[in-house]
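Below is one structure; the comments refer to it alone.
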Amino acid sequence: MQREKDSLIVVSGGMDSVTLMYEKRASIALALSFDYGSKHNARELSFARLHAERLGVEHLIIPLDFIGQYFQSDLLLSGGDIPEGRYDEENMKSTVVPFRNGIMLAVAAGLAESRGLRRIYIANHFGDHAIYPDCRASFIRPMTEAVRCGTTNGVLIEAPYTDITKTDIARIGASLGIDYAETWSCYKGGVFHCGVCGTCVERKEALHDAGIPDPTEYEG
């Protein structure tokens, strides 16, 4: 019997959310992306759109212009340079977009309730915890309860990658046959991945540690 498509996924076009979309594709009715003024938004969104179309999933892109206009973060077009080097708290703290996941999950909750969908998937993972407060289990748990209590149909948030690493995610993706050349990580948002910013370094390490050949085209 075919499973009911009762879920929404927040998908950026990066490795993690694309992997989750393929893993949960049997239940996903809607893929939701946000244009919030980040340096890499355009590159990410093109891949979010590609994979949604490939899976036959409706795809919405909702603009969140106010984030780029009023929030402070070097990840935004309005911010400073993207730091290079390792993906760790000290190096990447300038790229925190305040309460980004909270805002996106709130919008996703309203949309899920409007569509009669029962579940929201989000692909935060263990490696994000030290850097981004709204990727931690200590945020996801109460946000899940708030959304459940605040929606008439008791919408649930599911974040199945919260306690696993990006290497683990890469292995899942490989088992699903995902071509990671068709995903975007680089925060600089150029024509090619820069290869030296924190997210590029994390991407390289995850694929290497998973034993997966890196198909990414890097600058130089």
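The backbone N, Cα and C atoms fix where each Cβ goes, and this holds for glycine too.
Residues annotated as ATP binding site in Swiss-Prot, with sequence analysis given as evidence: VAL11, SER12, GLY13, GLY14, MET15, ASP16, SER17, VAL18, THR19, LEU20, MET21. What Swiss-Prot records for CYS186, CYS194, CYS197, CYS200 is Zn(2+) binding site.
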Sorted by sequence, non-CYS186, CYS194, CYS197, CYS200 residues with Cβ within 8 Å of centre, Zn(2+): ILE82, GLU84, SER185, TYR187, LYS188, GLY190, HIS193, GLY195, VAL196, GLY198, THR199, VAL201, TYR218
Sparsest-packed of the listed binding-site residues (MET15, CYS186, CYS194, CYS197, CYS200) - C-beta count within 10 angstroms: CYS194
C-alpha spacing of CYS200 (Zn(2+) binding site) relative to GLY13 (ATP binding site), in angstrom: 14
Cα proximity to VAL11 (ATP binding site), best match among binding-site residues CYS186, CYS194, CYS197, CYS200: CYS186
Alpha-carbon spacing, MET15 (ATP binding site) to CYS197 (Zn(2+) binding site), which is rounded to whole Å: 16
Rounded distance in angstrom between the Cα atoms of CYS197 (Zn(2+) binding site) and MET21 (ATP binding site): 25
Chain-internal residues, separated by at least six, CB under 8 A from SER17 (ATP binding site): ILE9, VAL10, VAL11, ALA48, ILE122, ALA123
Neighbour-count leader, CB within 10 A, binding-site residues: VAL11, MET21: VAL11
CYS186 (Zn(2+) binding site) versus MET21 (ATP binding site) - Cα distance in angstrom: 20
